[in-house]
Amino acid sequence: MENKNDMFNKTPKSGKPKMFRFNLYWMYGLIFIMLVALYMTNDSSGTKELGWTEFQKLAQENVFDKMTVYNKKNLVEATVKNGKTEQVFGNMDVSKIGVSPKVYVKIPSADKFSDFYDKAVADSHIDTQVRFEEGDDAIWNFLVSFGPIILLIGVWMFLMRRMSGGTGAGPGGVFSVGKAKAQLFDKDNDRKVTFKDVAGLAEAKQEVEEIVSFLKNPEKYTELGGKIPKGALLVGPPGTGKTLLAKAVAGEANVPFFSLSGSDFVEMFVGVGASRVRDLFRQAKEKSPCIVFIDEIDAVGRARGKNANMNSNDERENTLNQLLTEMDGFGSNSGVIILAATNRADILDKALLRAGRFDRQIHVELPDLNERKEIFGVHLRPIKIDESVDAEFLARQTPGFSGADIANVCNEAALIAARNGKKFVQKEDFMNAVDRIVGGLEKRSKITTEEERKCIANHEAGHATLSWLLEHANPLVKVTIVPRGKALGAAWYLPEERQITTREQLQDEMCATLGGRAAEELVLGKISTGASNDLERVTKQAYAMVVYFGMSDKLPNLNYYDSTGQDWGFTKPYSEETAKLIDTEVQKIINEQYDRAKRILSENKEGHSKLAQVLLDREVIYSEDVEHIFGKRAWISRSQEILELQEKANGKNKENADKEAEADATTENVTDTPTEENKTGKIA
């Protein structure tokens, strides 16, 4: 039965004869034949055949320097002495005679030659050297003559094979530099990643699963007039699972899957990128229907005319133009689906993003609480854990973590448990792994003085105090004065995963961040460089409030952000006067929050001092210790609110499910109740 969907029918083979295609192995064979012919038809200039009588006469005149007698061939090879060539060759041109001219003589036998030579030595006192050999080995002579050349050719072939080994284009060496480097996965490949291995990303998985479903069952969509998307672009931060999603597509789709990186198109040779694009789509058309996955497409898809090097004829632009033509030009790419991934969609060329090339943009964002729980469930499968490990608890402790970060946490926890000689990975190991990733390696060996420890303790206690007393500050988890990474102390928070952020929330976060510097000034009467990172974060946040969010009193409702990313920092969308006003507003916002931080710390001086002393004594404190000093927080965090709403929803779903189960059970009981006729054995 003929397939309804013509786009999935492979192109029929043309009746035209195939064009002649050059094979590099033919060149190797041609060189070998030429060498053999050169050896067999060796130029005889500089050599001469003599008769036995003439040879005897010349030998007695001491014309020859040395002779070689081949016993089996009854042949003598004699080399003429310098200055004696005229006696042998007459008036022949010197250039044809050569440097060491030779003569060849057919002798009656080796014994007769020996008799002649002995007599000539006795009578004429000749000094010619004579050597006897069994015979002339043609193969050996050939190897001696052309062995070095053959060796060079062999080395050259080996190097060319090595150079072309990574291109996937077979032999050809530098001649295959324009071939695509795509890796091909088909049904014969051993694939391990499926959609079951991709936790979270429900919406993104649905989009790509639809593409796979279309490839498996195209009639379901084509009967309604639908067409498969020509391309899908996966967009999202690093580590969120874009490439993993593509691997799952390769594992699920029963069609060939080409995979390569955007940088594979770029080469030092001009024109190679465009050639590789053409070759990639040629291979894809031959195996259609198929999927082509281009990872990090921003390496080749950057917007034209906006390159930082200001090169008007950039090689990358030529490659992009060819890619645009192949994706949706006059040629037909029926059955070839393009899947690409990038974390810089803002710099991609607009022509690349339009419908007809990438019909779908699938946003792969950082996982939320439920998605992190699912991701932990996947990565905890191969790890031996005890009953203390709870995926939901770990998900709450890792806000803002990507899928790659969560995989790293699980691996670090297993390594920490193995380092400590444990048989199972415990909750404590996971918490240490989170601390290791967020704060860096713990450095208890770093020596600090008593004055430095006091300064660090007051600094961290200032952060903890303000984060506890401010409504919109991130909830505190842990504070330590043990050096980690580059920091001498650190505080861990559970960032609120907000969908929108208000001015008050930003101000509370800035105030809590400035709490360390404010505590140093209030308690110690001096400030240190320990707050440099805090000041950097606060400055960026205040600048964003003024320039991007329009939260300034003197510059309200204005946004100076260029979302296209094409200005390259060469221009500013505001005047010098406005720039000065921006600096003034940023300074004003920071000063207000710094004064606010000092005021709150002054009002809670006793609690701050107790917290700093506990830090000095124990080095590490948790939210329970802060709660013991300041009391329970008066506000509920957004994460806790979401958890409570989710628990209520789960409770309602469970209650509804129980009611449905009871109703089904009641219906079954009514249906199965026997009638009076059935009881007496009659047919109802």
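Cβ coordinates come from backbone N, Cα and C, glycine included.
These features come from Swiss-Prot:
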- Glu460: active site (ACT_SITE)
- Gly236, Pro237, Pro238, Gly239, Thr240, Gly241, Lys242, Thr243: ATP binding site (BINDING)
- 1-21: topological domain 'Cytoplasmic' (TOPO_DOM)
- 43-138: topological domain 'Periplasmic' (TOPO_DOM)
- 160-684: topological domain 'Cytoplasmic' (TOPO_DOM)
- 22-42: transmembrane segment (TRANSMEM)
- 139-159: transmembrane segment (TRANSMEM)
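Distribution of Swiss-Prot features across the structure.
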| residue | record | DSSP (3 states) |
| --- | --- | --- |
| Gly236 | ATP binding site | coil |
| Gly241 | ATP binding site | coil |
| Glu460 | active site | helix |
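Annotation: Thr240 carries the greatest number of neighbouring Cβ atoms among the binding-site residues Thr240, Thr243 [cut-off 10 Å, Cβ to Cβ]. Counting other Cβ atoms within 10 Å of each Cβ, the lowest count among the binding-site residues Pro237, Pro238, Gly239, Gly241 belongs to Pro238. Each residue in the topological domain 'Periplasmic' (43-138) gets a DSSP state, and the totals come to 34 helix, 27 strand, 35 coil. Same-chain residues that are not part of Gly236, Pro237, Pro238, Gly239, Thr240, Gly241, Lys242, Thr243 yet have a Cβ within 8 Å of the Cβ center of the ATP site turn out to be Ala341, Asn343, Val364, Ser402, Gly403, Ala404. A distance of 35 Å separates the Cα atom of Gly241 (ATP binding site) from that of Glu460 (active site). The distance from the Cα of Gly239 (ATP binding site) to the Cα of Glu460 (active site) comes to 31 Å.
Glu460 (active site) has its Cα within 10 Å of the Cα of none of the binding-site residues Gly236, Pro238, Thr240.
Sequence-distant contacts of Gly236 (ATP binding site), defined by Cβ-Cβ distance under 8 angstroms and a gap of at least six in the same chain, are Lys242, Asn343, His363, Val364, Glu365, Leu366. Cβ neighbour count for Glu460 (active site): 26 (other Cβ atoms within 10 Å of its Cβ, all protein chains included).
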